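Asker: Take this structure first; my questions come after.
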């Protein structure tokens, strides 16, 4: 698949494009994730701060109203002032409890004659804290509304004389909590210091423990002031708790994780789709560009194949217009062809000279061969004559040998006869 340069270039370029786009996408997603996380943090912080401040302002205003009744509480008849304050401040009832175990109410309906204010929780909390207090909210049995009591100590010469208090429905606070919706599926909760829900978007959750509503985290972790992940029902939420000034309450904003990250998920989908489209488009463009660039190389390859296969001559030239590498290769090929043509012409001329020399050498060889054959014939004749001479010499030698033998024998006989003659003469002389 990657045996050709074209395929390798396209694959390498497309791979680089994929890696570059993937890195760019990952970097963008990482930056977006951090920005989104910071945006969530800012949303949680701003929402929690604004709503907790509104609740704190409500608490402060109610507490200031009750505190303004300290002087009136020590008068002989504070009830008219209590009634006017209850009407103007939205209190259901304003009352004062004296250390003498007596009490006066702006609305005494339903109060038993033997009512002892000093035994009531609001009175005892003020005595214990020696300061103004906001009691834990409770559901009014008569109205079914969530009610809270604001109680302020009344002192004279440093001695506690009475405690003035006022009950007020928390409709404004509940409405404030219900209004906490940074996203459609997000919500808010108001809890006391023990983790009991004072107010929530779902009225059925009122006065229920935190652990029954939220899972995956305990209330102490939420009170750390840092965003924590938890489950409310089946939904993942990011919780941030903010204390409400002037109370022991905590306002918790629950940001829906799915909705908070929907923008990032949409960006991820868009980035993935863009990545695929850009890779396909980039691959197609690179294929076209590389094919166009490689076409001239293919022409050079075909020309070289034609020359190698003997189907073309050396007069072929390639178009060498341009300044790119392909044009340089074409010019180099043309220069090679020019030099090769010159070499071939020189080779042809040299071959013709060699042919003529070879022909002359062949003619000389033929002449030499004829003379050699004549010399060989003469040599054969000479050899025959020599053989005849040799035979004659041999015969002469044999004849000479025989004559020599005969001469020797004749000479020997004459000598013998001569010795016998001499011997006979000697003998005769003696006798």
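Note: Cβ is positioned from N, Cα and C throughout, glycine not excepted.
What you see is a predicted model, and the numbers here were worked out from it, not measured in a lab.
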Asker: Could you check which of 360-395, 396-431 is flagged in TrEMBL as region 'Disordered'?
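Answerer: Going through 360-395, 396-431 one by one, TrEMBL flags 396-431 as region 'Disordered'.
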Asker: So which range, 273-294, 295-316, 317-338, gets flagged transmembrane segment in TrEMBL?
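Answerer: Result: 273-294 is the stretch TrEMBL calls transmembrane segment.
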Asker: Can you count helix, strand and coil residues in the domain 'HAMP' (291-345) using DSSP?
Answerer: 39 helix, 0 strand, 16 coil
